[in-house]
């Protein structure tokens, strides 16, 4: 069959039109290619930027809070993984149902559930909300396993502050806790608004909060279209931590020795002020505050008669008792009104007008010079000396030793203590000063109040030749090493100081000294101390006559405070210590043995300390 | 009878050997090359895994090749005889989908035939071409432009378009309509009809607009101003443009497309696969694919020009135009030149029905090519 003419026409038409369509197709492809060229070459820069903006989310991630280490690099405060569960509202069809399912794995009290639902309503639906945190590994693993059945639930690992030593360091390093409304006032650090962010609330955590917290920003994460983080592109390397002068080994021993007591130990270097150990007992677990303390635990802490929340080392104020006697003696020595060799005869009591002042030794010490009066802690001698030199000389001397005022210590919350004077009494009470008050001030009682830290500083100044040393604990923040300039001289009489040191040596190392039983016997490690037993109740005349009640027969609150101060080694002093045991009954019986044990440990570790110090000095110079 | 069925309309029968010799193997290679780019992208979408998309797509391509061979080796005259029954079958399915079909992606498109799920509208794309080609094959040049002869093609074209619109599937309706109109044009319908239809369409535009579904209107609005609602409906177009633009000349590298892999791109294994390709392989990759496509189009057009029977010519052009429209609408869409309509990128997008119908279409094209020298009488239906 041949094509007829009519077929020929329609084939020609077809071919013409097919060519036209082919041409149109080519034109269309050219247009598409041009459009591609436009988008991918001409506008490429712009779109590349947009793609990066899509991909990269400048997410405010809290930098890892700086660690705190002790003098030897032992980690005192660190960060550990915090297993938590988040909820992304937009990824779940029904929040309540999801939470209900989750609560079979993670217990969710109604109050917490209400909080989550409220958060979900008020924040953008793609932002994760904290559901529960600090889960244990088993629970967290179970949530992970059930994740497919829990739409919107995102298991997540964050960082949380960890205090491995718990109560042992609670007061000195402090703790972190959630940011409160008050913390936000006048602050514009965006980190503070991060959900779950913690700031330092007490101790060094608070003092160095800014430094340990680090700066916000600069953390880039890759996110997908739903805002879920795919990977972290760059994270701030974390904040360089801080080093403190503490020696955790000493701290541990001191804590152990104070177990069961309401007490404080402060040990410091008498030349540079480095605090080697500072313990306030009992402690509390700072981890509780980080996680959010339960009402029950909080009430228990508040109602504990041993007051675990008080940092007794810096905020506990106690009459110094007989530990104050070297100060009075030096005031007398410098006044020139007392010859240290002149003897005062102690019969066991001292009469002023119609009032009798008693010595702790009921039948008296006999004739006492200044050295012996300190060695035996004779009260009558100091009544006499105090009466002669007057309260104002005592006050002035006490202040030179750092009493009656804060010392600028880095741990917040220092109390001033109190040193009375004639002027003070007249101004605030409108009453004249009574001589009897001078007498009891002479034995460290009455209005006088000191903190354990002040007692340690007082001892240090006595031992270091009268240099105005102040305590410090932060050695290094990041790479900044704390530096002390030369210490100002307090202008004490060196012969007077030598006499005091000699007398304190006798207290500990000469038979008959009040702390002889608690001496250090290792050669070269001997300490020189001074006991103190501060009365907290008034002893009535009737009781005095019928026989003073023994401490064991009194209820805890009525017992005397036990105090002890010391420096060591006695021949070349380097460290000072103060021990205060609330209602510990007896300075020589309770406080001195603690001081001995702690000081021995300090001295044993002294060579290592020296090595560590030399190393850090070399590092600093290099 | 059977013999007549196979040999109606005259022309010499070709042996199987002849058909093998005539088969254009280069074209098959071309299809394989295009599909392979699809496999690679589907592998990338799954973050470097053949599962779940690439492997299945390969299986479908293999099945498609079988279909292609079968379709190609069937005598062109048999296809001619099957044209109307096939069309009728597809139309029945299209009606049936209204009643027993189920919805996917918000439209009533799928029908479950026991083992396979079928989109009758896809089938219709081929059978419509067959039916129209069959019809116009029987008309002389003069007869084509007679008004009374327009009734049949108007029904052939109008019925499926109306049914598909009702599903609703605007994209497929446009494709069907465009292919049908192109075939009318190629068959030699006088220009005046197209001018009248054009004017009429413009006039009817407002009415048509009111008949669109809300989501279809929204797509058009979004298309006109994608930046107006970057987090809403315009999001997809914007993200697609960002992906393309950030690809640059050579792309971000295979499996390195951030827009795609971080899920900023929607439907990246189906409708937006071209975007992903251009993001990862850049302008170079995109142009390469378009180049391969153009070779297919060139082959189709040249087949139609060589063919010595009108049925074959119309089939070849119909298949080619259908293919072209797929590409053009899809690529223009992902580049923000057309509203978002659900049209896949042929041979590359993941999807079973589309792959199989395309391969069937190419099988027809190949059949036309093999039988290109066969002349068929204008009215072979004498036996019918």
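The backbone N, Cα and C atoms fix where each Cβ goes, glycine too.
According to TrEMBL, the features are:
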type	residues	note
TRANSMEM	B:25-46	transmembrane segment
TRANSMEM	B:58-80	transmembrane segment
TRANSMEM	B:86-107	transmembrane segment
TRANSMEM	B:147-164	transmembrane segment
TRANSMEM	B:170-186	transmembrane segment
TRANSMEM	B:193-212	transmembrane segment
TRANSMEM	B:281-302	transmembrane segment
TRANSMEM	B:314-341	transmembrane segment
TRANSMEM	B:347-370	transmembrane segment
Stretch-level contact, the transmembrane segment (B:58-80) and the transmembrane segment (B:170-186), CB cutoff 8 A, at least 3 pairs: no
Cβ contacts under 8 Å made by the transmembrane segment (B:170-186) with residues that lie 6+ beyond its boundaries: 121-122, 124-125, 128-129, 132-133, 136, 153, 156-157, 160-161, 164, 193-194, 197, 212, 216, 313-314, 317-318, 321-322, 325-326, 329, 341-343
Intrachain neighbours beyond the transmembrane segment (B:193-212), with Cβ under 8 angstroms and 6 or more residues off its ends: 145, 150, 170, 181, 184-185, 220
Long-range neighbours of the transmembrane segment (B:25-46), counting only residues six or more past its ends (CB under 8 A): 52-54, 57-58, 61, 65, 68, 254-255, 257, 260, 268-269, 273, 276-277, 280, 285, 288-289, 292-293, 295-296, 299, 345, 347-350, 359, 362, 366, 369
Sequence-remote partners of the transmembrane segment (B:347-370) [C-beta within less than 8 Å, at least six residues beyond its ends]: 14, 18-19, 22-24, 27, 31, 34-35, 37-38, 41-42, 53, 56-57, 60-61, 63-65, 67-76, 79, 117-119, 122-123, 125-126, 129-130, 269-271, 273-274, 277, 289, 300, 303-304, 306-307, 312-313, 315-316, 319-320, 322-323, 326, 330
